[in-house]
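Engineer: If you look up Swiss-Prot, you'll see 40, 65, 66, 67, 90, 91, 118, 119, 133, 200 marked as S-adenosyl-L-methionine binding site.
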């Protein structure tokens, strides 16, 4: 997946629109997320490792909020020959178009059904693995529990949910220091103060992170019997829950 450099917020703008996964973002997304999310490559690679261990023959895998297909590709590499199907969903037409190009660049015997649509409308069944990779945080908070319930219902016993999210902290000093370390990470990756500030403004109304405890309560409340935080770097995390 060749990536152009993200310069979307490099020029000062009097009006910052809410962040959208439009064609501009899709064109630079690989660069944007690598420079913005610490540990992203490790998370993607490990999702493939989880798939190797949890995906059973003749079951389905769901990548909800698949963006350019990084997680889907990681999964597909690990489940060759299992007669499985991956359903990859994103509501951005621009993302889906580029995702299809990325998927087509690699030969695989694993079918991928790529859907441009709302993940809240997707029927989940016979699933051995569901991935929500930095997706839930963009849903309205009041819609999150219903989606988790739908995922739990559609997972087979022993099935796995991988949930990666930016998280917030109730402890103000912890929130402050980890947020500052994340900003330093972005500065070290070449983002200017202007870019950081303008993107923060763009995300303010569309991304609403939860605390880790809220995530755990939501998952266990819907019936998941096993939960663990398996990755955290600053205020970015990835969790697993087993049905």
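A Cβ is built for glycine as well, from the same backbone N, Cα and C atoms used for every other residue.
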Engineer: Whole number in angstrom, please: the longest C-alpha to C-alpha distance across 40, 65, 66, 67, 90, 91, 118, 119, 133, 200 for S-adenosyl-L-methionine.
Structural biologist: 25
Engineer: For the binding-site residues listed here (40, 66, 90), which one has the lowest count of neighbouring CB atoms within 10 Å of its own CB?
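Structural biologist: Across 40, 66, 90, these binding-site residues, the one with fewest Cβ atoms within 10 Å is 40.
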Engineer: If one looks at the chain holding residue 118 (S-adenosyl-L-methionine binding site), which residues at least 6 apart in sequence have a CB under 8 angstroms from its CB?
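Structural biologist: Once residues fewer than 6 apart are set aside, residue 118 (S-adenosyl-L-methionine binding site) is near 91.
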Engineer: Kindly assign residue 118 (S-adenosyl-L-methionine binding site) to one of the three DSSP-derived states: helix, strand or coil.
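Structural biologist: Residue 118 (S-adenosyl-L-methionine binding site) sits in coil per DSSP, no helix or strand.
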Engineer: For residue 133 (S-adenosyl-L-methionine binding site), which residues in the same chain are close in space, meaning a Cβ under 8 Å from its Cβ, but six or more apart along the sequence?
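Structural biologist: Residue 133 (S-adenosyl-L-methionine binding site) has long-range Cβ partners 43, 44, 47, 63, 65, 67, 70, 71, 162, 164, 238.
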